[in-house]
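Features of the protein shown, as given by Swiss-Prot:
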BINDING   41-48, 88-99, 153-156  GTP binding site
REGION    30-248  region 'Small GTPase-like'
REGION    206-228  region 'Disordered'
């Protein structure tokens with residue numbers, strides 16, 4: 001895993017390179033496809049822990065305040081080399097007007113190929129934020145094709161639970177999203193599975209888009225003239241010349 005850069009310069013980030021402490025290195029190779037994922041949600045729901053767990057398999061309980069870092073990792077899924085870039089984002093509050101004016105959040109959502117919305121089962125306010133974030137992401141991607149996944153984190157803290165898992169599943173179904181309940185601290189496999197399925201979906205979309213562009217770029221060949229028609233027209237022209245010569 002590599003920390004690429006702070007989110008404040010995300011719009012300047014080139015797809016095939018990264019910047020780490022002033023040095024440049026490749027974030028993808030010529031044979032790697034770039035997949036960009038934005039992870040969003042309320043404060044303290046475990047967004048950074050989720051990202052680091054997926055990219056490194058390690059769980060770190062304490063983090064500094066989220067500055068909105070962009071991470072990269074090379075993986076292979078179904079035989080395809082992927083350069084996965086994951087944009088961690090600072091926590092947001094329940095206020096649609098604040099979402100619209102949150103430039104950091106907007107940059108991340110516009111940049112992303114897919115969105116992961118994280119909430120904590122121990123925080124009902126973070127659950128209430130899901131619909132706002134989902135609507136905002138759809139507005140920034142009016143084509144409605146961007147995949148959005150909802151992740152319920154801290155599944156191990158049952159004694160602090162404020163949100164029932166079935167409520168998260170019901171909301172995800174209503175919004176047309178995939179739902180995962182995970183414990184970032186205790187289960188890496190669930191975290192990996194959520195991102196793996198998402199990456200497969202993005203890759204499939206990219207393949208479909210490439211095929212459509214290739215299909216649309218094919219210029220249809222003009223129809224070949226009918227040889228019988230050409231012979232008929234040639235005979236007509238020849239007969240006309242013969243009649244003209246005879247009359248003279």
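A Cβ is built for glycine as well, from the same backbone N, Cα and C atoms used for every other residue.
Values in this document were obtained by computation on a predicted structure and should not be read as measured data.
Distribution of Swiss-Prot features across the structure.
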| residue | record | DSSP (3 states) |
| --- | --- | --- |
| 41 | GTP binding site | strand |
| 47 | GTP binding site | helix |
| 89 | GTP binding site | coil |
| 98 | GTP binding site | helix |
| 154 | GTP binding site | coil |
Neighbouring C-beta atoms (10 Å sphere around the C-beta of residue 89 (GTP binding site)): 27
Other CB atoms, at most 10 A from the CB of residue 98 (GTP binding site): 12
Residue 92 (GTP binding site): tally of other CB atoms within 10 A of its CB: 20
Stretch-averaged pLDDT - the region 'Small GTPase-like' (30-248): 85
Tertiary neighbours of residue 154 (GTP binding site) (same chain, Cβ under 8 Å, six or more apart): 45, 46, 120, 121, 122, 160, 183, 184, 185
Binding-site residues (41, 44), the one with most neighbouring Cβ atoms at 10 Å: 41
Other C-beta atoms that fall within 10 angstroms of the C-beta of residue 47 (GTP binding site): 28
